[in-house]
Amino acid sequence: MPVNLTRNAIAMMNSGDVNSKPLVQVVDIKLIGNSQERYRFLLSDSESTQHAMLATQLNEQVRTGRVKKGSIIQLIDYICSTVQNRRIIVVLNMETIIPEYEIIGNPKLPTGSEPEANKSMPNNNLLEPSTRSTNNRYSAPAPANKAQSFQPTIQPAYQPPPNYKIQGPIMKNEAPARIIPIAALNPYQGRWAIKARVTAKGDLRRYNNARGDGKVFSFDLLDSDGGEIRVTCFNAVVDRFYNVIEVGKVYLISKGSLKPAQKNFNHLKNEWEIFLESNSTVELCPDEDGSIPRQQFSFRPITEIESAENNFILDVIGIVISVNPSVPILRKNGMETQRRILNLKDASGKSVELTLWGDFCNKEGQKLQEMVDSGLFPVLAVKAGKVNDFNGKSIGTISSTQLFIDPDCPEAQGLRAWFESGGRNTASISISKELMPGGSKNEIRKTLTQIKDEGLGRSDKPDWVTAKATVVFIKTDNFCYTACPLMIGDRQCNKKVTQSGNKRWLCDRCNQEFEECDYRYLLQVQIQDHTGLTWVTAFQEAGEEILGCSAKEMYLLKYELQDDTRFGEIIRSRLFHQYLFRLKIKEELYGDEQRVKITVVKVDKVNYSAESRYLLDMVTKNFPNRKQF
């Protein structure tokens, strides 16, 4: 049975047609690209040919032989872009009609096309739209027989009206921009439009650089296919759109430029970011579009946060089990902000600290505290929280973070059902400060002699162990230092400060002066167990646990009040107490000498009931055939 390809298909696609679903033939396939596998087709309509790039999500059809030289295919979804003064078709979705067929007609390269098949193509990655979901019906393998496979699968071909003419750029410019999925956006599309919902809107920020003062804000979009992308506006464009954009509303956006996303500031799963310009359009869609979700989450169980990298951005959901009061914190720029810490737990058996900053403390934070104080334990969904790996793993809010109290989603309903059916009374292990980073268990017990004999700390990564030991000596010289109280991001500076001539404290790192500084412990402590003794360094929280009071109190006693008697009494009263020490062991360079440094990460008083159970478990593990009494 003869096959009729869509007449003038190449010319129609070059003129901007994207709806005809033409039937064409693959007359050549070449594998190109060094860093990424890409396929370039030469498509024919029996008279003309045109080069096309295959979207990477369709590579499998070439690898498995479902599409090969001579295949008859129907283009389902495609765009035609101008790249380096050449027209190139980007195939986003297609269907194989006949896997093998002889070359139809005598196709020739169109005027202005590439004359040589081996001529270099533009950067392949720049032409690649992001991966998008495809309908399963397009991926069913076609039978090998030519005549039998052709008839049932052809979709109606495009039939132009009688007065159809190719009018080139004039018709293209007058036509409305085609609405495409966010996942199909790429920098080489001449005209496009997206319809999406605003899921987040950033604050208006002002900046100053070598080019002068400026202002900027960003907002995030989500479309009906689940694609997300960030939109950024600068200066005059801010004045046009800042008051127009509202979270939750749906907009039609076009005429923006696409640039690579800055992943340091952009957590969305899209390699591009839209920058609106003076000719960009943003139109509010008055009718609600139920096909576009109001928000999209990608929740991680709390137990998976243990293995997440520092500064990683993720979504998490949990039951709020405690909320601390909001406290003022001084930032690096001298401005005061608020910090509030709460705890979340989920069905994974783990809990995590969530640190709220700024406005989150007084809005959602205050509401959460009131709910917990009244006996309610709400579900909290955190969109775009930032992982912190200091002393374990915790989550902190950033400018793009969103908090949802008791959200209406299946994950929240499942978590609530678990909590009410017994999860309320289920014990959970905190991954914040209590677990050792890099460890798969809550603790690895070692004696002090084992630390030395096993050469712990001498590998590339530090070792994290727990030791039960007694404090036998505390050095009182330089037991603390004066520290910078300013905030850098979500963490206090804590660098050593010096007093200037005007009796104000100066931080060289922050390059700022202030009237009062912090006092932080830097204790050198000798600990001993039944196998030996060693020196360890205890910083702020660990030092407070050992001495039972703050570094500032001890500093005032020794240097301001000069009450050596009281100071000595406190030191002596803290000797010969037994603790469980969580230790970080790492070899460091001192001058030209390598030394193993042992740092106290956390100190716990010995719970003798739990310690007895631990020892019994060790006996059971090491002597499984012991005589039962």
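Even glycines carry a Cβ here, placed using N, Cα and C.
Curation plays no part in TrEMBL annotations; they are all automatic predictions.
Under the heading compositional bias 'Polar residues', TrEMBL lists 120-138.
Summarising the annotation, TrEMBL assigns domain 'Replication factor-A protein 1 N-terminal' to 5-97.
TrEMBL lists 194-274 with the feature domain 'OB'.
According to DSSP, the secondary structure content of the domain 'Replication protein A OB' (302-406) in residues is 18 helix, 52 strand, 35 coil. Per TrEMBL, domain 'Replication protein A OB' is recorded for 302-406.
Confidence in the domain 'Replication factor A C-terminal' (464-615), given as mean pLDDT, stands at 89. The domain 'Replication factor A C-terminal' feature in TrEMBL is assigned to 464-615.
Residues annotated as region 'Disordered' in TrEMBL: 108-150.
Helix, strand and coil counts from DSSP across the domain 'Replication factor-A protein 1 N-terminal' (5-97) read 14 helix, 48 strand, 31 coil.
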